[in-house]
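Single-structure report; data block below.
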């Protein structure tokens, strides 16, 4: 009997590892396709020979592959993973299927920070230049987060309060963005709109590096608490009875999520969908066990953003297609079909 | 006998009016024509209605002072003396002969309006959109220096931002509202409301199809403002300037080696690719000159994919500039600029990654041009500059900058200053 249980468990675990392998391969393929596809008609051979030996090819190809395609493709992978993990954790701690960094107002706050930099700040700090927009977006994400924390602290970190605070902040920051759009000149307005669309165009090796470092620092911090987070899904009372300091855990996760989201969003703009849907798909596939839920969310996030990037390039091969539009257009039909096929209720 | 009845009065009035008109005809031959205010030996409609107003004032003074005030007469004239023109939207528009109060639905039309009205153009503008200040602060400041009163012209919001305030326009009691054809859809409701309030709306176009509509627009504006002669003069000048390009182009064989050209709106500076022009502004001009606009097919006013740009390897790059005080590395051009700074900004764009491999950059075939040239009456300077850059030998004698200066000297109340058309290196160095 005991060994039969063991076998069932092992079979389930094996199934979950198989998902990892499938999706890791999918992400890798998507990444390679993302590098191979582009508006210039480089052959696949050209692209990969340039990656392997950069100095043997002509400088034009070199620039296209190393300065344009690689940073953008890597950015899609890292940002996708960051946003999906952030979304997964927000859904876990708030126990709400609608929750995502977007719902907590973090993305809107980042957008407001960026718009503020565009309308009032740009050029006033001589050395900040174009990164001022990113810095400002980061600062405002944190500002929004600290308000949530403050209110949560007063009200004992209850999840309803957090969601309501987040949603109110979302509306506040959206109104503030509209106000800035109203005040902006046409050029500024254009810049704000482009930013809000989301785009990998401003990706460079330094932004890739920053996002990557933050990702590999934050995710282990979350992984340490994976058992506690899994227990949290049983409900606050049960988690408490298991000896978990629910308030403290919730605040810690919120801090991690904010850093992850802010670092991703500040470079690529607001991308709404990736924080919400990939975690749901991951949950449908693996269930609530955080040991599998976190990495699978990350893989799915990367996969979606890579696919969106490829899709955007195919649809609009001369111009730049806003990534935020592409993600939702590719992801939502997929998600809906998954909902229709799903057998059990897992929310 | 001293108390005439109304019918007799009316008949008498019509009779006097006829006598007056006949006497005007007779007087044409003599040196000074009564009512000919600008002494051009012609009685324009505006002058005629002025003459009739002053005649009525003179004739009826003493009988009933109350109804003879100038405003009342103006109202009467507005109702009874009208002309009908066809605007650029193909609508029949009936406007008073004597248009004295105008609202510019887009304040960027200051250049065209000033060109027609001359030195005292501000007297007729009773309200305008907010675009000039938000979109082209450089031109605004340049006018502000000479005409501080433009600061007091009430703004009526902006069609571009959907903040157009129809009620404010009605309260300004204008004789005419001039609107951009580009914004016809947006302005649909406003147009209806204004017309219901008895205020005519005239659509003109310097943006949507500049090569076709510029002359038509200036002529129709001239008609309604009572400045036909001036408008014809400007239109003739414009036609001559365009012919300088067309005559050479048409006389030559079709050029088979088409040049690839990339134009960017340089508002973001080198760090971020700005929007490009597929079907608007510079796009059609390039096509007209037998060039290939590599941004054709990119969504209208969206940035190009940098990779696509490198792969296309354009022969010429043009950065459209303006005066954007908030951006320190944008393409700086306009009245208040100098050559050193503008050229430095243009050179900044060449530092973008991969640009050193482009033909345009290697051959120093990079130019700057003021964005305003593409959507104003002086867009001939734009097509001239493009033609000269594309076919340097054929257009060796053409000097677009000098022609733009000449336009300022002949028609605009402000002086030509600063840098508007720019090469990355001096022509001799190339």
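Backbone N, Cα and C define each Cβ position, glycine as well.
Note that TrEMBL annotation is computational and uncurated.
Marked as transmembrane segment by TrEMBL: A:20-45 (among others).
Among the features that TrEMBL reports, transmembrane segment is placed at A:73-90 (among others). Below 8 angstroms of C-beta separation, residues 27, 31, 34-35, 99-101, 103-104, 200, 203, 207-208, 211-212, 214-215, 218-219, 222, 229, 253-254, 256-257, 260-261, 263-265, 267-268, 271, 274-276, 278-279, 282-283, 293-294, 297-306, 308-309, 323 of the same chain, each at least six residues beyond the ends of the transmembrane segment (A:73-90), sit close to that stretch.
Summarising the annotation, TrEMBL assigns transmembrane segment to A:102-125 (among others).
Residues or ranges marked as transmembrane segment in TrEMBL: A:131-151 (among others). For the transmembrane segment (A:131-151), the residues of the chain that approach it from at least six positions outside its boundaries are 104-114, 116-118, 121-122, 125, 161-162, 165-166, 169, 173, 195, 207, 251, 254-255, 258, 261-263, 265-267, judged by C-beta separation under 8 angstroms.
Packing against the transmembrane segment (A:163-184) from elsewhere in the chain are residues 94, 96, 99, 102-106, 108-109, 111-112, 115-116, 118-119, 140, 144, 147-148, 151-152, 192-193, 196: each is 6 or more residues past its ends and has a CB under 8 Å from a CB in it. The transmembrane segment annotation in TrEMBL covers A:163-184 (among others).
Annotation source TrEMBL lists transmembrane segment at A:204-224 (among others).
Annotated transmembrane segment per TrEMBL: A:253-277 (among others), in sequence order. With a cut-off of 8 Å between Cβ atoms, the residues of this chain six or more beyond the transmembrane segment (A:253-277) that come close are 75, 78-80, 82-87, 89-90, 92-93, 98, 100-102, 104, 106-108, 110-111, 113-114, 133-135, 137-138, 141-142, 145, 148-149, 152, 162, 194-200, 202-203, 207, 210-211, 214-215, 218, 221-222, 225, 229, 301, 304-305, 323-324, 327-328, 331-332, 335.
Sequence-distant contacts of the transmembrane segment (A:292-312) (same chain, at least 6 residues past either end, Cβ-Cβ under 8 Å): 16, 19-20, 23-24, 26-27, 30-31, 33-34, 37, 72-73, 76-85, 87-89, 92, 200, 219, 222-223, 226, 271, 273-274, 277-279, 281-283, 285-286, 320-323, 325-327, 329-331. Summarising the annotation, TrEMBL assigns transmembrane segment to A:292-312 (among others).
Sequence-distant contacts of the transmembrane segment (A:319-341) (same chain, at least 6 residues past either end, Cβ-Cβ under 8 Å): 76, 194, 196-201, 268-274, 277-278, 280-281, 284, 304-305, 307-309, 311-313. The feature transmembrane segment is assigned by TrEMBL to A:319-341 (among others).
Residues 51, 61, 64-65, 68-70, 72-74, 76-77, 292, 295-296, 299-300, 302-303, 306-307, 309-310, 313-314, 317-318 of the same chain, all 6+ positions outside the transmembrane segment (A:20-45), place their C-beta atoms under 8 angstroms from a C-beta of that stretch.
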